[in-house]
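Remarks on the structure that follows.
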Amino acid sequence: MKTNESRGLALGTLGMLIFSLTLPMTHIVVAEMNPFLNGLGRAEVAAVLAAAVLWFRRAPLPTRRQFGTLVVAALGVVVGFPVLSAVAMHFVPSAHGAMINGLMPFAVAAYAYLFGGERPSAGFWACAAAGSAIVLFYALADGGGALAAGDLLMVGAVVVGGLGYAAGGKLAREMGGWQVICWSLVIAAPVLAFPTGWLLMHHWHPLSKGAWLAFAYVAVGSQFLGFFAWYAGLGIGGVARVGQVQLLQAFVTIGLSALLFGERIPPIAWPCALAVAVTVLLGKRMVIHIRPAQRTS
């Protein structure tokens, strides 16, 4: 069991590191591209790659029950989070948005409890709540004590994204993380084709090389490859436990935003990052009971 948790945490950390550049790259893209086109377009590009992988691997079709869960995952991680976070990047810096995104682990744990058959101990909930409170404190301190429009959009992204993470992580226990994200993308692609095409017709204009590279990152890295590791980690190590590594994502994003894009790092970020790391390490020691996954024949 401990081996599975360690593997899951390692894979989850890899996914988190890939995701940590999502908001900075999105910030670059939406400076030149309609945010809705960015959010939907990246999913359509990733869906082409997903279809190729499913065909190459001869993946079986999902069952009716799995299909329903895949729709929920797609609504969260293919549509909801990419679109809402892209619009949010019009209003707040990527580093600040990353702090609001730091509430994601608590949302994921809550969904895992409600729908995923996971029963974290009181100690785990205390660590998760403490980590989320530290992240929220930092976001409020950095925002002058108030939540702006971009903050509220990021909160919405957290709510729907957390549901997509939990649904996909639960399903990854029976069909594998790579199949979860690939089928989620393929299922969503036909529905998104019309609005994406309409946005291309009405809002397209040439992009700079930097914007193209940033879009390629969010389409191939954030929307596709990152989920191979992330969903696999959630499925192996448990949704609630592995989801907590995203508490650290905000501070990785802040560091990368400063290093790559010259964004300001408030001095308060470092003690907050240390405190969050402590809550993650303590949470790793807390008990979580997981109901065995339902297997398909």
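Any Cβ shown, glycine's included, is placed from N, Cα and C.
Heads up, TrEMBL stuff is auto-annotated, nobody curated it.
Taken verbatim from TrEMBL:
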- 7-136: domain 'EamA' (DOMAIN)
- 149-282: domain 'EamA' (DOMAIN)
- 9-30: transmembrane segment (TRANSMEM)
- 36-56: transmembrane segment (TRANSMEM)
- 68-92: transmembrane segment (TRANSMEM)
- 98-115: transmembrane segment (TRANSMEM)
- 122-141: transmembrane segment (TRANSMEM)
- 147-168: transmembrane segment (TRANSMEM)
- 180-200: transmembrane segment (TRANSMEM)
- 212-233: transmembrane segment (TRANSMEM)
- 245-262: transmembrane segment (TRANSMEM)
- 268-287: transmembrane segment (TRANSMEM)
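Counted over residue pairs 6 or more apart, the CB atoms of the transmembrane segment (9-30) and the transmembrane segment (245-262) come under 8 Å in at least three pairs, which marks the two as touching.
Note: the stretches the transmembrane segment (36-56) and the transmembrane segment (180-200) are in contact (3+ CB pairs below 8 A, sequence gap of 6 or more). Here the transmembrane segment (147-168) does not lie next to the transmembrane segment (268-287) in space: the count of CB pairs under 8 Å, restricted to residues six or more apart, is fewer than 3. With respect to Cβ pairs under 8 Å, the transmembrane segment (68-92) is most closely packed against 180-200, considering the stretches 180-200, 212-233, 245-262. Here the domain 'EamA' (149-282) is broken down by DSSP into helix, strand and coil counts: 119 helix, 0 strand, 15 coil. With respect to Cβ pairs under 8 Å, the transmembrane segment (122-141) is most closely packed against 268-287, considering the stretches 98-115, 180-200, 212-233, 245-262, 268-287. When Cβ distances are compared across the two stretches, the transmembrane segment (180-200) makes no contact with the transmembrane segment (98-115), since fewer than 3 pairs at least 6 residues apart fall below 8 angstroms. Using a Cβ-Cβ cut-off under 8 Å and counting only residues 6 or more beyond its ends in the same chain, the transmembrane segment (268-287) has close neighbours at 5, 9, 102, 120-121, 123-124, 127-128, 130-131, 134-135, 137-138, 141-142, 241, 244-245, 247-248, 250-251, 254.
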